[in-house]
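A quick write-up on the structure given underneath.
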Amino acid sequence: MCGIVFTYSPQLELSERTKRVHRGLTRIAHRGPDDQGIIADKQWAMGHRRLSIIGPTSGHQPINDPSGRYFLTYNGEVYNYQELRTGPLKHWPFRTQSDTEVVLAGLITYGPNFFHQMEGMWAVAFWDQQERELVLARDRMGKKPLYYQLYEEAICCASELPALFSLSAQPLTEDLNSTADYFRYGYYLPGTTAYKGICEVLPGHLLTWSPESKPHSRPYWSLSTTPFTGTHQQAQALLQDKFIQAIQRRLVADVEIGAFLSGGIDSSLIVSLLSKKLDFTPKTFTLGFSETAYDERSYARLIAKKHQTQHYERCLEQWDVTQLQQLIQDHIGQPFADSSLLPTALVSELASQHVKVVLSGDGGDELFSGYQRYQARAILRWYTRLPKGLRKGLGRMIRALPEPMAHHSRSLLKKAHLFEDIVQRMGTETPYLAPLFYSQADFQRLAPELAGYGHTPPHLPEESRLDDIQAMMAADALIYLPQDILTKVDRASMAYGLECRAPFLDKEIVELAFSLPRRWHRQGLKGKCFLRETFGEYFSAEIWHRRKQGFAAPIHNWFRGTMGTELEILLQEGDSPLHPSPFLALLTAHRKKQRDHGYRLWQIYVYLLWRSRHTQQLNSKPYTPNDLSCSNGHLGKVSVGA
């Protein structure tokens, strides 16, 4: 795992271009503490920071072919590089044992079609000196990040936004369309960022650019599957085989490998299969909280003890806002609303003291229907059959009742409040995206200046014929997962030079999961049915039927303490599109335990923290239609079993 930068900037002197690349690499030194390399030419330069995982003595980057025509800097791992090396590239005169040279040879030999043959995670910058053409690409699911910016006749790209800022040295302007997206969904939509003119290469896409032409983005992969035609038993056998193979592929490394273990289904399953099927006992890592309702260490200990892993724990007892500020400022570079960012960083820091690579359970909920919102959507089908008057009456009654403050409360009343929130938004907003933080009506009331802003979300093609729950699963896998979960895991782990690998996101697992009938995934209000039935033998019902928490943080408590005071100060100082008084009212209601606004308050808090740190960098230039807009594409052709 590594960090990369590239710039084509002929207007700069060679010394200045090289200096900027050095600055950019310094900003992402955490991603690759083992090695650094730069290649600089008259008009362009590329750089690389390396975390040595495969071929530690022979994988120096950037790399070029013997002719000096092609140059590559690459972040990621290609798990099947040995098969590619001895198969389609068997005639290539390899000089090293690294997967990097396999990627270079493949792109030279087969062009961008080679991405179809790669299995793993990657962000690639590939420069053809003769044609003066740049190819940027990301892996299918968006596990590895890559941002770019066009200005004048130049382009620059980097693994993280702070490094990109060092390369371009252009004024930063807040994109209010993206700000509206952030408050509406809790994350930025694919392809976009908080800044006008700074874009993100889309997952499963490649982007070509040359000084003589505009950038062109096209997908090399989309989630297009044929419905599974075998029996339920055959599908179970297939999933067992493929998932064990996916885990085994992710054990390719020349360094020690561990595993995150939250105590939930997905991470517990990976550790169990490592032990029982692959005879591999990893070191395991978990994070706990002093608040009992959020502490999952007891469940993680059950799995660790059963498989006799060398188990490590850390407990988050006191919130340190400076760590959050550092993560946002130095690693993410824009607002990020997932409150588990800091806990994920802390467990990554713990793991990095013992291993260089960990396996994680990311993707299990999106692929196998694990989220509670799918349950809420199933209930909504029944709810909409009730007379309109009765529905309104139930809604008023629920809103009038006090809401339990613990976000993870199992009480019926808590679930009723969450369901009512979904009901309020389902009729007016795009239903397949993850639950909305603010509806259009909320914008009019809370932030009227943002009401008219927002990008059009990526769409599911009509011909895909997805039902509502299938559409939610597809959108979660292709939008929410890369924009929230994978962003969090990449920045939190790479902040400590730790590579995180996700077996659930193996291409074959993703395509198999979405080929299965939805009724196999969900039975009534129960989710993850197919996964439970397939791997039920590996641990007890206590683990299978417990509620998912992950490394969630008790933010509802924090905003009734000093963090609430900090939010008050942030709301009343500085210039932002938010009107303080409505948000202060949310904070007051939360403090009085009238409603649980913890996640909304967190979202506001992080946004205002970002603005307070970027005030001097942000340009006040108003938005104009001629500014470069970032395409967020679409979800691709999705065909899911009925």
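Any Cβ shown, glycine's included, is placed from N, Cα and C.
Feature annotations, courtesy of TrEMBL:
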- Cys2: active site, for GATase activity (ACT_SITE)
- Asp99: L-glutamine binding site (BINDING)
- Ser360, Gly361: ATP binding site (BINDING)
- 2-212: domain 'Glutamine amidotransferase type-2' (DOMAIN)
- Asp362: site 'Important for beta-aspartyl-AMP intermediate formation' (SITE)
Item to complete: Sort the recorded positions Asp99, Ser360, Gly361, Asp362 by C-alpha distance from Cys2 (active site, for GATase activity) and give me just the closest.
Response: Asp99
Discussion item. Using Cβ atoms only, which residues of the same chain lie under 8 Å from the residue listed as 'L-glutamine binding site' while being at least 6 residues apart in sequence?
Written reply: Ile54, Gly55, Gly59, Glu77, Val78, Tyr81
Practice prompt. Report the mean pLDDT of the predicted model across the domain 'Glutamine amidotransferase type-2' (2-212), rounded to a whole number.
Written response: 95
Worksheet item: Using DSSP and three states only, what is Ser360 (ATP binding site)?
Response: coil
Item to complete: Please classify the secondary structure at Asp99 (L-glutamine binding site) using three-state DSSP.
Response: helix
Fill in: Residues satisfying Cβ distance under 8 Å from Asp362 (site 'Important for beta-aspartyl-AMP intermediate formation'), sequence separation of at least 6
Asp266, Leu481, Ile485, Leu486, Val489, Cys500, Ala502, Phe504, Leu505
